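Noted in TrEMBL for the protein shown:
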SIGNAL    1-28  signal peptide
DOMAIN    130-301  domain 'Thioredoxin'
BINDING   CYS168, CYS174, HIS265  Cu cation binding site
DISULFID  CYS168-CYS174  disulfide bond
Amino acid sequence: MRLRFTLLALVAAMTLALGSLVTGCHSAAKPSAVATKHYPIRGVVVELDATNKSVLLKHESIPGFMEAMTMAYRLSDPTVMSELHPGDKITATLVTDQDADGPTNMRLTDIVVIAQARPDYKPTVQYHEPAPGDSVPDFALLNQSDKKISLKQFRGKVLLMTFIYTRCPLADYCPRLSRNFAEIDKSLSTDAGVYGETHLLSISFDPTYDTPKVLRSYGGAYTGRYTQEQFGHWDFAAPTTDEMAKMEQFFGLGVTPGDNGTLQHSLSTLVIGKDGKVVAFYPTNDWTTDEVIAQIRKAATA
């Protein structure tokens, strides 16, 4: 698909027309169990990810669906990647599947560049992308039991770590990660040897709301043991606000405050070896529990 460079006025008219079509779709018959939705979207390209065929887009609000935010979206046609640049203003169609849990499998199509980037455009923040072999710095956290913990204390064990926030409304993001972690935790528990050599850690980047009490309730719900959960193998924790910024930059995690308590964010999941070094880094949500379990088992028995 080739990008079309159009006048802003023409694009505005097309956006209004698409908005009318979307409104018409909403007034149609009730959707089936899994329905496909289309929304017009416009924003500024922040970053391109050729590896994962996605674009980090700072976009305007999508009426009836999503507040203005910065989020990574897959490209339906990855060949357009070569024609996009950070700072480009674009319009596109956001396609998403909708089921009982909410929107999933979001991707962009029909991309139109309406204003090209400045030649001197540079991202305002440079994030470190963890790579295998990187030594992970120590960070202090407060866990679901109101106890201070740190990454350093997990040295000697293989640590599976990810970032979430408990109010995340997107089924494909934090809820999916937590469901995957629950599956991994259950699988590892069947092997006492490996279980004792591993630990799971979900870190909230919303420390103001995600207090120990909130994290305890959230974690217990995902393990399925609720108030009986002892959290011996899986911690839920949050850093201080000051420490959070440092963690975001080291672990390649972009977090931007939105409206009504929402947070726009990227994803960051890691397997960290017993020596405190990165074994594997997953910057998206498309990893499988089987592949991560294999990485954990390999590192635990090394």
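The backbone N, Cα and C atoms fix where each Cβ goes, and this holds for glycine too.
What TrEMBL says about a protein is an automatic prediction, not a curated fact.
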Least buried by Cβ count (within 10 Å) of the binding-site residues CYS168, CYS174: CYS168
DSSP three-state assignment for CYS168 (Cu cation binding site): coil
Cu cation site shell beyond CYS168, CYS174, HIS265, criterion: Cβ within 8 Å of Cβ centroid: PHE163, ILE164, TYR165, LEU170, TYR173, LEU177, LEU263
